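Take a look at the structure set out below.
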Amino acid sequence: MSKKLVIASLLSIGVIAGCTTVAQGPKFNVYQIQTANGTKAYRAECHGVFEGVAACVEAAQRVCGDQPAYKLDTMERLRAINEDANDPRIVTFQCGAPQVATPAPVAAPEPAAQPAPEVPRQINLSGDANFATDSATLTPKATGTLDQFIQAGQNVTFKSVQVAGYTDSTGSAAHNQQLSERRAQSVLSYLKTHGLRSQNYAAQGFGAANPVASNATSAGRAQNRRVEIRVSTQQ
């Protein structure tokens, strides 16, 4: 079975650096050329008015032997000015598989930086679920809320942390004052011992002062029994 000339488009070859005759025949001459990028290639010139591409194919097959011959299409522009650009009697080719440049690996895009979660500047512990009746002991619901607040501020050192305790109007003023102070101190101690960092800490009780709802209803009194936490940053 006769060999076939395989036509392949390669990368731009550049200029011819040298030329050496490697094969001759009554119908052709074949020259070895050295391209600018170092690739070895050959140029076949087929003679005779009636000779065409078949003579050049035969010349290429002789030079390449058992290897396929690949036409270098991009060399056509290197012809002399007086040569026909479509003249099949002049063929530039390469033996063996064409050398195709390996594309550079595409770097994976870096993941976008995730914005740091915003630290709340104030949280409120209100209602009966945070403390038992007439007690300053934190319930699991209260510590869960405080843990979330501490987690949000784990990479921040605050300028100040202020904790204020309040009660409803039930009971004496003295009792309510003491209870509000103990609850505020209980919350502040939990924040400090569980990692909330600040330059200054303060806890204060205000008794039944500054209600946020009416003490005439049970729902309103539950809102007034609260502990407020305020933090400020360096800015």
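Residue 1 is the first one shown; counting continues down the chain.
Using the three backbone atoms N, Cα and C, a Cβ is placed for every residue, glycine included.
What TrEMBL records for this protein:
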- 118-235: domain 'OmpA-like' (DOMAIN)
- 216-235: region 'Disordered' (REGION)
- 1-23: signal peptide (SIGNAL)
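The list of residues near the region 'Disordered' (216-235) in space but at least 6 beyond its ends in sequence, with Cβ under 8 angstroms from a Cβ of it, reads 119, 121-128, 130-131, 149, 153, 156-170, 183-184, 187, 191, 198, 208. The domain 'OmpA-like' (118-235): residue composition by secondary structure is 41 helix, 30 strand, 47 coil, according to DSSP. In this model, the domain 'OmpA-like' (118-235) carries an average pLDDT of 90.
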